[in-house]
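First the structure, in the form of C-alpha cells, and then the observations on it.
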Amino acid sequence: MQPAGSVVPQVPAPIAAALRPLPLLLLRPPLAMLAVRIRDRHPELFERLGPHAAKRFGLDPTDLPFAFVLEPRPAAPSVTPVRQLPRDLDVRIAGPLGALLGMVDGAFDGDALFFSRSLQVEGDMEALLALRNAVDDACIDLRRIALSPLGPAADPLDRAFRRVRAAAGRVAAHRTESRSWN
Amino acid sequence: MQLTLGPVLYNWQPDDWRDFHFRIADEAEVDTVVLGETVCSKRAPFFAEHLPAVAERLSAAGKRVLLGSAILISLPRERRQAAELAESGAFMVEANDLTCLRYLQGKPHAVGPFVNVYNEATAAWLAERGARRLSLPPELPMASIRTIAGTLPAVTVEVFAFGRVPLAISARCYHARLHGLAKDNCRFVCENDPDGLPVRTLDGDGFLAVNGVQTLSHTCADLLGEAVALAGAGVAALRLSPQRCDMVAVARVFRDVLDGRCDAAEGHRALARLYPDVPFANGFVHGTAGAGMVA
Amino acid sequence: MELICPAGTPAALKAAVAAGADAVYCGFRDETNARNFPGLNFSRDELRAGIEHAHRGGVRVLVAVNTFPRAGAIEVWHRAVDDAVAAGADALILADLGLLAYAANRHPGQRLHVSVQAAAANPDAIGFYVEAFGVRRVVLPRVLSVPEIAAIVREIDCETEVFVFGGLCVMAEGRCSLSSYATGQSPNMQGVCSPAGHVRYEERDGRMLSRLGRFTINAFGPGEAAGYPTLCKGRFATDLGTGYLFEDPVSLDAASLLPALRDAGVTALKIEGRQRSRAYTERVVGGFRDALAALAAGREIDTAALADLTEGQATTAGAYRKTWR
C-alpha cells in the first residue's frame, strides 16, 4: 500500500529546515497584507462564512516549521504565523502546504484529501465546512494576490505554485478495486 | 385516545405469531391491530395460512383489523401483492408505500408510518384521496404532530409510542450479509433474532437493531410521559409496536396511564419491568436525537 | 444521455458548465434542499445569475426543493418553489406530495422532477406521481439493478434519471431516520445527514475516531482510507463480528455500466456531490463527458480515472450490479 497522499507535493525537508530559523515577525506584514487583499477582492466569501467568520482556524502545514492562525473577521481579517498552534482554536486543519494551497487554488478536493488521510481535521466541523465551501466558491487567485506586489522576486514562489497546480487532481489512492454489492 | 397494535416487524415463527395475536384478541385492550408482513416479502407465505383465523378472531373480539402493505416494493411479485391487497376489500389497508396508494385512491384507507407525511398540506392531500387514518413518521417532533392533527380533526392521527423505532429500509438484507449469505438464499436467518439483532458501537454501546432489510433503534420508544400532551394536541391513537415481551401488559400500562389510573412515572417503571435491559427513548417527539430520553 | 451535474456553489456551477454538463442541479441556502450544509448553496441573486450563466452556455438548471416542508412553515418551501420558477429554473426537483401538488397547481407549465428522496422505486409509485402531478422525470432510487431499471423504463410514461457517480445511500433515500436518531437532524426535515455540527474527530491510541452525537461510528488506523461520518458507513459490532455492517466507505461509479444504462433507455445520468469542491465537479463532469464520448464512438470507457476522488478510495457499481438477483 502506498502511503496516503503521496502525490500531494511536499515542501522538501532541506527547505523546511532552512526556514526554521526564519523570524516569524518577518512573515507578519505580508500575511496581514494578504488577508486584507483577499477581504477586499472577495466580500462574498465572508457572507458565505456567516457566523463562522467569528471563529479561529488553525492551519498547520505539516511540512513547514510553523503554522498559521486564521481569523476571517470581515472588518479585520488576519493570518498570524505561530511556531505552534494554540489550544483554544475552533478548528484545526493539518496537511502538507501543497494540499492546503491546492484547496484554495481549486486544484484539490478537500473531501478527497480527507478520504486519503492527507488532511487531518479537528474541532468545529460546521465552521470547517463553511470555510472550505466559502473559499472554494471564492476562486481566490492566491498567486496573483500574493505575488503581484513582489515583482520578479516572486518568481521562485510562483514556480512552486505552478507545481502544485500541475499536480492537480491525483491524490494517491490506496486501492481502487470495485466492490460487489450484496 | 385509542391504542393500535402495529404489525409484527420481525420474523417470528408462524405459530408464535398466531398465538401472539390470539392472545391479543382475547386479552389486550387495544382498539386496532395491524396485520401483514411489511418488512420482507419472502416471509409473507409463512403467515398466510394463519392470517384469516387471526383476523377473524381479532374482529370477533371487537378489534378493528388493518392490513399493512410492504414498506419497500420493487419486485413484480411484490407489486402484484400490493395491488391484490388494495383490491381485496375485506379489511382496511394501511399503505406503507405509494405503490399501494395508486390502487387505494378514493377508497377509505389508512396511511402507515413509512409514508412521508411531514406536514398538514401532505396530510390534507392524502385525506382528500381517502386516507382516514395517518400513522405519522416516528421522527416527527411534537410541533409538527400538533399542526397536522389540528388541521385534520376528521382523520385519526396516530403516533408511534412503544417499541424499537423503525429507522431505515434497504434493498440489501443485513441479516444475510452478516451471515455471509446471498439475499436470495438467506435461509431466513432473521428468525434467530425475534427482537432484532443487536448492533453496538465500537465502544460497546447499544445502538441499533437489524431486522433483515430493516434497521431499527436499539432503544425502545416510550411516550407515556407525552401521552396526555399528545391527546391535547389532537392525536387520536398511539401505536404500540410488538416486541418480544408481554404486549398485553404493555397495552394495559398505556391504558392505565391514559385513563388516569396511574401516573407516567409509575407506568414507565412498569414498562421497564416488562421489557428489561432495553433503554427507553422519547427524543424524536422532543425534536432532539431520537436515541435520547428527555425527562 | 444527458449529464446532470452537481453545483453546491456558483463557482461549481461555472465549473460544471465549462466541463460539459447538459444540466446542473442546485438548491437554495436553507433547509429546503437535501444538501443544507454550512457555506453551501445559492442565494436568490446567485441562483438568478447562475441560471443566466448556464443558459448562455446552453446548459439547463434544475433546482432541488427536495426536503419535506416543516408543518406550520410550509410557506418557506412555497417561496423556494416560486422563487426558483421566477429565476428561470428549467425544472424543479421535489419530493413532498403536498409541495408537488402546490407546484403543479401554482405553476402549471413548470417541468417537475420527482427527487430521489421520494423513493419512487417501481412503476406503480412512479405512475402515481405522473398521474397526480404530471411529473416529467423521476430520479430513481439507488436500490435498483440495471434490468430492473430497464423494466421500469418500459412501463412508465416519464423520463428516468439515475445516479452514476458519488455518494451512495445504502438505505432507501427519503425513508431513513438514522441521522435524526443520533443527532436530531435528518435529511427529510433539515436537509442534512450526519450534520457537521454533531461530528467530532478524535485521536485515540493512534487511531482517528469519528463520533456522531454521542456515538462512535468509526475508527481509522494510520493511513487507512476514510469516508464521510455517515451512520450507514460506520463500523459496528455484533455477536457475528465487527466491521462495516451496512456498507463500506465507498462511492458509486457506474461508468462501466453506461452501455447497459443506455440500452435500458435511461434519459439522464446524475453525478452526486453538491457538497464537493469545484475541483471535484470539474474532474468528474469532465470524466463522464469523456466516457459518454467514448460510448458514442464505441471506444472503451476509462473506468479508473476518478477513483482518487471517492469515499474510502474505493468504488462500487452499487445495486446496479446486484449479485443476488
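Just so you know, glycine gets a Cβ as well, placed from its N, Cα and C.
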Per TrEMBL, which of B:C173, B:C220 sits in the [4Fe-4S] cluster site along with B:C40, B:C186, B:C190?
B:C173
What other residues of the same chain, not counting B:C40, B:C173, B:C186, B:C190, have a CB atom within 8 A of the CB centroid of the [4Fe-4S] cluster site?
B:N11, B:K42, B:R43, B:H175, B:A176, B:K183, B:F188, B:V189, B:G212, B:V213
Same-chain residues at least 6 apart in sequence whose Cβ lies under 8 Å from B:C190 ([4Fe-4S] cluster binding site):
B:Y10, B:N11, B:C40, B:R43, B:C173, B:H175, B:L197, B:N211, B:G212
Drop a 10 Å sphere on every Cβ of the binding-site residues B:C40, B:C186 and tell me which sphere holds the fewest other Cβ atoms.
B:C186
